[in-house]
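**Q** One structure, pasted below without further comment.
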Amino acid sequence: MSVTYSENVAPVSGDAPSENSVEITPKEAKVATKDTEVIVTVTEPEAAVPIPAAEAPHPQPIIIVVTELEPVEGEVTDTSPIVTEPVENGHNEPEPTRAEKHVEVTEVKEEEPSTSKVPDKDDDVTASTPSPPPPADDSDPESTRGRKDSVWSLGDGQPPEEIDKQIEPPPLSTLLIERPQSGSITVGGDITFVAKVEAKDLLRKPTIKWFKGKWMDLASKTGKHLQLKESFDRFSKIHTFEMHIIKAKENYAGNYRCEVTYKDKFDSCSFDLEVKEVPEGSQSIDIRSAFKRSSEGQDDAGELDFSGLLKHREHKQEETPEVDVWEILKNARPDQYEKIAFTYGITDLRGLLKRLKKTKKEEKKSEAFAKRLEPAYQADKGGKIRLIVDLADPTVELKWYKNGQEIRPTPKYIFEHKGTQRIMVINNCQINDDAAYSVTAGDEKCTTELFVKELPVNIVKELEPVKTTVNERIELECEVSEEGAKVKWMKNGVEVPTGVRSRYRVKSEGTRHWLIIDDASKDDTGTYSLMATGGTSQAHVQVDLKPLKILMDLQSMTVLLGQPLKLNCEIYPGNVPGRWYKNGQLIQPNDRINILHKLKNHNLDIESSTIHDAGDYTFVPEGYTQTLSAKVHIIDPPKVHLEALNVQDNTVTIVAGNKLRLEIPISGEPAPRVVWMKGERVILDTGSRVRAETFADHTCLTIDITEREDTGNYKIVLQNEAGEDTASVKVKVVDIPDPPEAPLVTSVGGDWCTMTWDPPRYDGGSPILGYFIERKKKQSSRWMRLNFDLCKETTFEPKKMIEGVPYEVRIFAVNAIGSSKPSEPSKPFIPLAVTSEPTMLIVDDVTDTTVTMKWRPPDTIGAAGLDGYQVEYCIEGTDEWIIANKELTEKTRYTITGLPVEGKILVRVKAMNAAGASAPRTTQHSILVKEVIEPPKIRIPRHLKQTYIRKVGEVVNLVVPFVGKPRPKVTWLKEGQPIEQTISIRNSDCDSIMFIRKAERKHSGKYELSVQVENHIDTAMLDIQIVDLPGPPQAVKIDEVWGTNVALDWNPPKDNGNAPIIGYTIQKADKKTMEWYTCVEHYHRTCVTISDLVVGNEYFFRIYSENMVGLSENATATKDSALIVKEGLQLKNPEYCDRDFTEPPTFTQPLINTFAIAGYNATLNCSVRANPRPKVIWMKNKITIIDDPRYRMFSNQGVCTLEIRKPSPFDGGVYTCKAVNDLGEAQVDCKLEVKVRRGQMSASKNTNTPESSFKPGTHQADADELVVMKADYGVGSRRQRLGGFTFFELMKRGVPLHLIDKYMNESEKSESEKKGSN
């Protein structure tokens, strides 16, 4: 028996799957599955070609699909793979993210097959035999429990039709100009995949990701077996991305994907890798390596062990041990297993014990069986199979079982005896014979499994296209190669429902299959297909509509309102449904509208017609463009609806002088003619004061100003073609009473008064029901009503008036008709009242001779206002109150002086105004005239209880509150010494303020604040820490270089910036480009190993130190470089004559004189050619432009651009672009003139002035800096040294000019300070 192990990874982006095969022997291969559940699905190969029995040395192969599920941590009770039959008709398709492995099992008549190497992974699935091993006990195999018809249903197999399904080609590439190609290598070989992206239209480098399968990002798996490389060709503008696989293993095979993204663009490409196995001899398996758990950080990190990634474990293969641990374990006691595992480094003790248990059982020899059953048998459906065992004792009773049930002799099961051999013959094998079989001889038992192979079902007769019309019968017939075969009907790629309520019926007879549609509709049009295991047949069905014939059209009609309305028509074919529309709106059936369809007749019935039922009716047959239309007209006799007036005896009462508008609803279809009459006089619609108007649903009588003469009967006459109707309305005009006399105000209070009046002389013909009272301020013209309920009496008391404000009041008389005109206003009156007593009287301070009182104003202050307060005191024991202040005080605080020492007094305060003195507010207890000392207490804010940290240059403003009486004495000390004069201290009665305008490092320290009141002292400590950027690290050196790794070592910086060093940032630069890239950030140690360096490159390294403020301004670089040499190769570089590409700057396109409009952005452009890359300087009127927000400078591929944002007339002048490199300099000039539009002239004169547009310290400072740069960087200038390097050496290494200039200036400052100190 031989096993072919293949891996099939689900393709990504529509690429075809790749398949790799590995030969595994049945006897020597080991089952290494510990935590991975394996599901094996047995499927038949599609379109298998039959081979004659004489020419076929091997039976047909069985395809086994192995699906790896999520790892389960725990003990595995059965490591046997679970075998299932193919899923019928492809109902259960595999998930797209699940990787599947196909294993082909073929029986071979060999007794000693060769061995092969097992993949070196803990999670790889292998088999010790082609079929599952027998169980350890007498019970049924665990893999057979709970299965239906001897089929394990675990796992989802891939149907055969999915394998040959055409995969759509991927979309055209939008970024990749060269895509990785599939490749094939042998185990241990190297291969490189290359992807190229054109950067002509890209502003920055695109992002690329490499994947294996659908989800594995290979960026995290780089190591000695996988390397990713990126490069860029500046001349061809092409990015090159490479993936190197070194010393490939078998599990590296599969489908890979490359994804490239740039902003909103995306492109991807899939490719396959096939790893072929190199034939080798049998190898022994190391038990210690098999049961050791790998850890992160080992040499194997980076291998493409994808099943191991699911468990976050990696496997490391060790050398063959010298000690045979198996023999030690077999001869040891169980209590010694743990000690042996610890001695030899075996961590998976549980897996070791299961393996040892299995090994010991395999060594046990059978006493009843001389030859057991084979692990598995295979038979074709309908064929015959013989199961043979050889007994050691022929007299032992033998029993055969199928899935645990004893088998009795039948024509299907025949038992034979040949010497010691016992044979069971199974005739006419069917699918239900695919099961687990066992045979018992005494107490011993051996088991096997029988796999029944079902031949593929082929299409013998194809489906034929059908074209018919609706309501016809459709039959699709197809013939297959086998009777009773299961097939699946599809419509447009979707399975056809064949349930009880489905329109589709499926019939089969022998090898013929039908799909029947009894009543075809237009929706049945589509492509129908029949799917069998051996192929698919499809045909197109076209269902069209039958021609429409109108047998009876709709008829227009006129219907009396309330009568039934019936519309009907007849069409052919009769079973065509339709819809009814009125005026273009769809009609839905309801309780009043009934829509009927019976054969050819279509009826619309309305029981009782209404006015809204009139209109254009249309019947639209479904699926046809023809329509049937008719008009319906509804008529109704006219009628006047006086009940809508809702008045008694149809009499309307109206007050004289008001407008009368009577709206009376009318009905009638068509609209009736309306006539209004008073007596014999007809009221026209053109009248000025009295007029009649008619609308669609009502008529209206309008009298603008009613008079007594308008009283009488009004008659309404309606006429239309359906009849006539009349009605009468009576109108009665009444009036309001006369106004009363002016009221009298009898008494006045603080916010109230009392008033009286007499009834009116004329009540308007109706009794007086009551009175309304209104008031207003004398200066105002707005009256406010005081009562909303009628006042029945002739007296009233208004309240809630404002004191000191003159008021007037007036009266309205009300009868049943309405309110009279107002009376004459009363005489003005003014309410006045004293204020309420002061509030919250408390003692503020006490001395030996004075008492200070404090209070708040009264809650209520009268209209006369508040003139002031009067303070009085009384010595305890007397009743005499003494006025403390001869004149009123307006303040709410007063100090009483001249009091006896240690005397006791009571104090009261009165509020005074024009109405008099308010009620006094008196202290509750007597006050002792004696000063009280309050010890000092410093109340430190919460944020100052910790170290107060500020950066150099920031403002320090600390406010420390305290209490104490009398005023405390405040003292500040720093480290026991008086503070410097640069620190400002301001003290008050309740707090002390420390202010530092610009903090410096020297201001750090512990500050002591002391507050003293006589002999009482309180102190507090404040810790202030002023931090700055740290200095660079010291003594950065390359400690060791090996392979693609470099070890760096350095010392912490001398100056930590007065803050702890929290990390380091390490950068590397290739000697060719000297462009610095960050390798590690926030690194805490002072030694590091930089890996993944490119072989053949020479690197420099520099390190920044970092504290809580940030990175150090400078970095310390290594003096020496690290050359990454490829191991094992020596390349002799040929000698070439280097061409000198260097050249001084030359402007190929000069600046052009430009005119700009004020307020609109302007740009200046030129182009320069130079090597090395020059530094571009822009100047205005020979002054360098640096860090000015009004200017933006760009430089791209030699094109230099200066953008001036919204220029003003003062931005005009001569602009210069200067290019400088080591070989020389060049400059070009142009003149910019800014024009102002006429509309902006006045605004620019007022806002833009030379003083406002010029900012001191910008252009002049830039010019000074430019002079320094010319002096330092010019040809033949003096040599400056920085860290042992000259200016030319720094430029050669690619250090930016602004950093060199900054370091040079700092070195000059330090030298000048040293000279000054000397």
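Here the Cβ of each residue, glycine as well, is placed from N, Cα and C on the backbone.
Whatever TrEMBL says is automated annotation, not expert-curated.
Pulled the feature table from TrEMBL, pasting it below:
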REGION    1-24  region 'Disordered'
REGION    74-169  region 'Disordered'
COMPBIAS  88-120  compositional bias 'Basic and acidic residues'
DOMAIN    170-274  domain 'Ig-like'
DOMAIN    456-542  domain 'Ig-like'
DOMAIN    547-629  domain 'Ig-like'
DOMAIN    638-732  domain 'Ig-like'
DOMAIN    739-838  domain 'Fibronectin type-III'
DOMAIN    839-932  domain 'Fibronectin type-III'
DOMAIN    936-1025  domain 'Ig-like'
DOMAIN    1032-1128  domain 'Fibronectin type-III'
DOMAIN    1145-1233  domain 'Ig-like'
REGION    1239-1260  region 'Disordered'
COMPBIAS  1241-1252  compositional bias 'Polar residues'
**Q** Across the domain 'Ig-like' (936-1025), what are the DSSP residue counts per state (helix, strand, coil)?
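**A** Residue counts for the domain 'Ig-like' (936-1025) by secondary structure: 6 helix, 54 strand, 30 coil.
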**Q** Residue counts in helix (H, G, I), strand (E, B) and coil for the domain 'Ig-like' (456-542), per DSSP?
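**A** Within the domain 'Ig-like' (456-542) the tally stands at 3 helix, 47 strand, 37 coil.
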**Q** Averaged over the domain 'Fibronectin type-III' (739-838), what pLDDT does the predicted model reach?
**A** 90
**Q** Please list the DSSP helix, strand and coil residue counts for the domain 'Fibronectin type-III' (1032-1128).
**A** 0 helix, 50 strand, 47 coil
**Q** For a three-state summary based on DSSP, what are the helix, strand and coil counts in the domain 'Fibronectin type-III' (839-932)?
**A** 0 helix, 45 strand, 49 coil
**Q** So how many of the residues in the domain 'Ig-like' (638-732) end up helix, strand or coil by DSSP?
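**A** Split by secondary structure, the domain 'Ig-like' (638-732) comes out as 10 helix, 57 strand, 28 coil.
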